[in-house]
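Okay, so here's the structure we're looking at.
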Amino acid sequence: MNKTIMALAIMMASFAANASVLPETPVPFKSGTGAIDNDTVYIGLGSAGTAWYKLDTQAKDKKWTALAAFPGGPRDQATSAFIDGNLYVFGGIGKNSEGLTQVFNDVHKYNPKTNSWVKLMSLAPMGMAGHVTFVHNGKAYVTGGVNQNIFNGYFEDLNEAGKDSTAIDKINAHYFDKKAEDYFFNKFLLSFDPSTQQWSYAGESPWYGTAGAAVVNKGDKTWLINGEAKPGLRTDAVFELDFTGNNLKWNKLDPVSSPDGVAGGFAGISNDSLIFAGGAGFKGSRENYQNGKNYAHEGLKKSYSTDIHLWHNGKWDKSGELSQGRAYGVSLPWNNSLLIIGGETAGGKAVTDSVLISVKDNKVTVQN
């Protein structure tokens, strides 16, 4: 009898270890956004187009349910956050009424109770793409991202060039062959108050802005990890925003994913351990840039990291690996762990699965 019970226990443990974290997303999902509220996950945009879905993680029969479509058109690199039961979506990259790719600076609100969207009469003072968003004391905070005028101008130039390959090569060379500071990535910190729908200046980085950083916050601290310093060039920097007391303090932690860094990585916290995983970048680009080659990633192949790093005792330790490199998915806090939904793998392939990264006693567990 005891042997039977033991065999059953082993079988159940094996099943749990191999069970999917969440059901596959309804479509391959990358470059979108997502948020979690009361154990219900919401994802949308990116490769899902205007579609949004939700999933109750506590339901016995877990499944994705389609929601009302986003009214602002398909978008990549939007961000989202829940505040007081409503979902707010900030900016992104999409097509304007003339069919040109552009950065948006608008805000949409979704009401889960009525399954309805509304575009707010509120525009951020700068474009929002490649930015990060986090919530602190009932307000949304936005920082980082590309410069709206420079980014939009690049795509206007490409549109003018049409199919003229010579003109396109010239435009690309002109766009990428500049120093990082010449792209004016956003280093300002903006706050959005949903009660007034107003934007305010909340501070600025003493260093530089990034695009495609990973963000995670807990209590009065928020961490911005890696990201682009300019198009094609990542940074290995880690910034900490400390809201303790009345004055916001910016701190710089030891770098991670050195020397080249990554963008589109995933960040979370498990049992008070800060986690950074995945991301994509160009190996050798940092050396090229330091040697005076501004078009630092020219001719280099994008690589996808499998590394999982933990911040421990004041330094980063590589503590595990993903089953495959991935980037540009959604990372959310769930079950005291880091939940990764979707993303892209080598070649830019969008995926439908989820990954759960947990930490206990500085040991990493990865569940696919």
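We count from 1, first residue shown onward.
Cβ atoms here come from the backbone N, Cα and C positions, even for glycine.
Features reported for this protein in Swiss-Prot:
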ACT_SITE  E228  active site, proton acceptor
REPEAT    222-265  repeat 'Kelch 5'
REPEAT    287-336  repeat 'Kelch 6'
SIGNAL    1-19  signal peptide
Structural state census, the repeat 'Kelch 5' (222-265) (DSSP three-state): 0 helix, 20 strand, 24 coil
The repeat 'Kelch 6' (287-336) - residue tally per DSSP class, helix then strand then coil: 4 helix, 22 strand, 24 coil
Model confidence over the repeat 'Kelch 5' (222-265), averaged pLDDT: 97
